[in-house]
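Features reported for this protein in Swiss-Prot:
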{"type": "DISULFID", "residues": "67-292", "note": "disulfide bond"}
{"type": "DISULFID", "residues": "79-91", "note": "disulfide bond"}
{"type": "DISULFID", "residues": "112-154", "note": "disulfide bond"}
{"type": "DISULFID", "residues": "296-320", "note": "disulfide bond"}
{"type": "DISULFID", "residues": "488-492", "note": "disulfide bond"}
{"type": "CARBOHYD", "residues": "23", "note": "N-linked glycosylation site"}
{"type": "CARBOHYD", "residues": "37", "note": "N-linked glycosylation site"}
{"type": "CARBOHYD", "residues": "53", "note": "N-linked glycosylation site"}
{"type": "CARBOHYD", "residues": "68", "note": "N-linked glycosylation site"}
{"type": "CARBOHYD", "residues": "78", "note": "N-linked glycosylation site"}
{"type": "CARBOHYD", "residues": "180", "note": "N-linked glycosylation site"}
{"type": "CARBOHYD", "residues": "300", "note": "N-linked glycosylation site"}
{"type": "CARBOHYD", "residues": "498", "note": "N-linked glycosylation site"}
{"type": "LIPID", "residues": "554", "note": "S-palmitoyl cysteine"}
{"type": "LIPID", "residues": "561", "note": "S-palmitoyl cysteine"}
{"type": "LIPID", "residues": "564", "note": "S-palmitoyl cysteine"}
{"type": "SIGNAL", "residues": "1-16", "note": "signal peptide"}
{"type": "TOPO_DOM", "residues": "17-529", "note": "topological domain 'Extracellular'"}
{"type": "TOPO_DOM", "residues": "551-565", "note": "topological domain 'Cytoplasmic'"}
{"type": "TRANSMEM", "residues": "530-550", "note": "transmembrane segment"}
């Protein structure tokens, strides 16, 4: 019985040696913010590392419509840009229009004399970048020919008509004299002249319209010359016509002279388009145009430009994210995430940052947990938190500044004759996209590595700052925790947090308590051994007492034991 009492007292003494439960000591642990479910990001050294927070850098969807702000967006409806420029009757509404972006619809069609443009893409690009269909008529003198030719394939209302910006010249009577007309450019801007040549469907039509069996058109300036002859022959019927018109264009610089020489088949200019330099463009899209604001437009619709990358469409207009092949790239905007462990030690110990993060700390990234005579508590360290946030906040903006294009990426078209150029251009574009995709992944991985390193460094700075303050008044318990060997109430804990702790005030008390506690302190491993040994001895003594009682009862005859074989 005495032995049992001694063991019970010993067990109580072991429990009483928990230094964190006394009034003369305190425990302070440093920790960092954690979340239950973090986000996986890629760094230089790890393919997947979990962080508390991350921002998606790739815009993968459009808003489904084209915003008419911040740019002047002109809906071409049933007209292509070239038809509007030539003056197709059903496109007269676009005369003298201006735009930042001209939208061509898949439903657009031509409704005049059938034509082709040998260098269609270049002309379309020149007119689109000019951003206007401003046209000025000039007084060309065409002597000895009939002007204003018309066709039943080109109706303006119910009457036969023709392209409003072109003048179809045919014979006058039985003659078609050689034409030689000049027009100087006395302006201080470039002039764009549109002209053409008619290809009759037969020799009979050729002589009927132009007398000569074969015509010729030569258009020249001081810098260039083009000579075109008609290709007479039947072609597939389009709007009742098997003939064709080929459209050409000439740019006349200030001080230069336009010269037109022809003996037949000439479709003459009526004036010029004023060329302007700018960043206007044209885009094919069937997305609806609506009232909204966006600085980036794609054929799929407008997209936000608050991300540095996008994989919506390679064709863009405006201030747009860089196109890459990846569907997702995440930029770490938080620290390394170590989800909090819920299991506590035998004495309810509080854990520090080495073991795990703290999910309950919502007002900061770094902080303190403490246990003292007044209980337990937690508080964030705002200074170290702000230091980390300041370094991370500018990352997204810096990445956007490095990658957002301040120009438009126009559509590129090539005729079948230029197939090899088209293949080369496609190869170059694909190579650029591959390079940017690789660079984007590398850039994000580098930034993520830097973010994780700097947040870890801030945690270590806070730990070292606390250790230097406490000095010999506390012992580093490992795992980011300190055992403080003096009475440290909440005000004392607050002074450690804000950096005003004076270790000299508590030095004598801490030194005295350290020696007293060290003299009787048993480490947690020995406490566990004592508990197990005392439990085993108690069980053994109970068994001995029970066996002795049985033997005593048998001797007195109070218990009979019969053994049958």
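Placed from the backbone N, Cα and C atoms, the Cβ positions cover glycine too.
Overlay of Swiss-Prot annotations on the structure.
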residue	record	contacts (Cβ under 8 Å, 6+ apart)
37	N-linked glycosylation site	339
53	N-linked glycosylation site	35, 38, 39, 332, 333, 334
78	N-linked glycosylation site	90, 91, 105, 107, 108, 109
79	disulfide bond	88, 90, 91, 94, 108
112	disulfide bond	83, 86, 88, 89, 151, 153, 154, 161, 162, 163
180	N-linked glycosylation site	259, 260, 261
292	disulfide bond	63, 65, 67, 68, 69, 302
488	disulfide bond	26, 28, 370, 372, 496, 506
498	N-linked glycosylation site	none
Pairwise Cα distance for residue 320 (disulfide bond)/residue 300 (N-linked glycosylation site) [Å, integer]: 14
Taken over the topological domain 'Extracellular' (17-529), the model's mean pLDDT: 85
Candidates 296, 300, 492 (recorded positions) - the one closest to residue 554 (S-palmitoyl cysteine) by CA: 492
320, 554 as recorded positions, winner by CB count within 10 A: 320
For residue 296 (disulfide bond): DSSP state (helix, strand, coil): strand
Whole-number Å value for how far residue 492 (disulfide bond) lies from residue 296 (disulfide bond) (Cα to Cα): 56
Three-class DSSP secondary structure - residue 180 (N-linked glycosylation site): strand
Spatial separation of residue 300 (N-linked glycosylation site) from residue 492 (disulfide bond) - C-alpha basis, Å: 62
Residues that sit under 8 angstroms from residue 300 (N-linked glycosylation site) by C-beta distance, when 6+ apart in the chain: 62, 64, 285, 287, 312, 313
